[in-house]
Amino acid sequence: KPTADPSAAPSDPPADSFTGWKTENDKKYYYQKGKKTTGWAEIEGHLYHFNDDGVMSTGRLTEGKLTYYFGSDGILRTDTWIDEGGHWYYADNHGALLTGMKKVGDHSYYFDKDGVMAAAQWVKSDDNWYYAEGSGALATSKWISVDGNWYYLRDNGVMALGLTQIGDHSYYFTGNGAMAENRWVNEDDKWYYANPGGAVATGWKMIGGAWYHFDDKGVMASKGWVASGGQWYYVEDSGAMAAGKWLDVNGHWYYFQPNGAMASGWKQVDGTWYYLQPSGAMATGWVMDGGKWYYLNANGSMATGWKQVDGTWYYLQPNGAMTTGWATIDGGQFYFHSSGALIR
């Protein structure tokens, strides 16, 4: 017959068989068959981590190159944003905090080496610059103003540099990405002009009192002919349009009117008449116009009065037309051959 009262037996299981949670000195442990769990453990469908002393991990934990985050309940956070100490983090589906440039949902974000999400700041990745907005999402296909300068982020988020087509206009972005405006810019030995507002100039543009011409890509014309609006113009080495002046171009003289258009036909310059051929080149020697002959001196000026050409005398009327037939000149009678040559 037993001498002990069965009702007096201890209610707790033996220590070497206990499985469950225990809190000791404000630290949580998980026992399995009486032993503290260490390392990673799945408990009731959740992942936990315990250090070498069996203490349940909370907050950040780095193993190798990866950092994980555990809530105050010790559960590993996965596929979720984490707000800690005024910083945002994101844990992937394995619980590792994201670093570098990553896409979360519909947006891309940048996380530093500690997993901190960048916000309202520039970030650099693979030699490209990006801008993280206040929400942390990287700006794409949009203009942003930072410290008084304008920048453009392409559809992949990369900060635009150099000449960039945006919508119907081209813009130029300097080496630090700031949009140029109201200034000259040079790229690949080609000159462009950024208007106020940043759009690169095309067509004619007056800058500093001189006219310049830019093609449809914004490239400034330099030292050469420009056809525009049915007229010919000439731009000098500086790119400035020639206007109200004579120019020697490839051995021929041309006159460019005050509006820059190349002159052709008869043109009076500083009181002297000249004849510009259809090509614009200044004529010298004999020229027939309107059924009449005229003579242009070596400097292009129209001759009037008596003129000896190759040993033969001619008489050019005050309007420059060559005389033929009988003519009274200074009270004398003279006869000119149909070629204009003086007979007597």
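Using N, Cα and C of the backbone, Cβ positions are placed for all residues, glycine too.
The compositional bias 'Low complexity' annotation in TrEMBL covers 1-17.
The feature region 'Disordered' is assigned by TrEMBL to 1-20.
DSSP labels the residues of the repeat 'Cell wall-binding' (37-56) in these numbers: 0 helix, 11 strand, 9 coil. Per TrEMBL, the feature repeat 'Cell wall-binding' maps to 37-56 (among others).
Taken residue by residue, the repeat 'Cell wall-binding' (140-159) breaks down under DSSP into 0 helix, 11 strand, 9 coil. Annotation comment: TrEMBL describes 140-159 (among others) as repeat 'Cell wall-binding'.
What TrEMBL records for 181-200 (among others) is repeat 'Cell wall-binding'. Looking only at the repeat 'Cell wall-binding' (181-200), the predicted model's pLDDT averages out at 97.
The repeat 'Cell wall-binding' feature in TrEMBL is assigned to 201-220 (among others). Nonlocal intrachain contacts for the repeat 'Cell wall-binding' (201-220), taken as residues 6+ away from its ends with a CB within less than 8 angstroms of a stretch CB, comprise 163, 170, 190-195, 226, 228, 233, 235, 238-241, 243, 260.
If you look up TrEMBL, you'll see 222-241 (among others) marked as repeat 'Cell wall-binding'. Sequence-distant neighbours of the repeat 'Cell wall-binding' (222-241) (same chain, 6+ residues past either end, Cβ-Cβ under 8 Å): 191, 203-204, 210-213, 247, 249, 254, 256, 260-262, 280.
Long-range Cβ contacts of the repeat 'Cell wall-binding' (243-262) within its own chain (Cβ-Cβ under 8 Å, at least 6 residues beyond either end) map to 211, 231-234, 236, 269, 274, 276, 279-282, 300. Annotated repeat 'Cell wall-binding' per TrEMBL: 243-262 (among others), in sequence order.
The repeat 'Cell wall-binding' annotation in TrEMBL covers 263-282 (among others).
Among the features that TrEMBL reports, repeat 'Cell wall-binding' is placed at 283-302 (among others).
Sequence annotations record features per position, and here TrEMBL assigns repeat 'Cell wall-binding' to 303-322 (among others).
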DSSP-assigned states of the repeat 'Cell wall-binding' (222-241) in counts, ordered helix, strand, coil: 0 helix, 11 strand, 9 coil
Remote residues contacting the repeat 'Cell wall-binding' (37-56) - C-beta distance under 8 A, at least 6 residues beyond either end: 27-31, 68, 70, 74-76, 95
Secondary structure composition of the repeat 'Cell wall-binding' (181-200) [DSSP: H/G/I, E/B, coil]: 0 helix, 12 strand, 8 coil
Same-chain residue ranges lying at least 6 outside the repeat 'Cell wall-binding' (140-159) that approach it to Cβ under 8 Å: 108, 122, 128-131, 133, 166, 171, 173, 177-179, 198
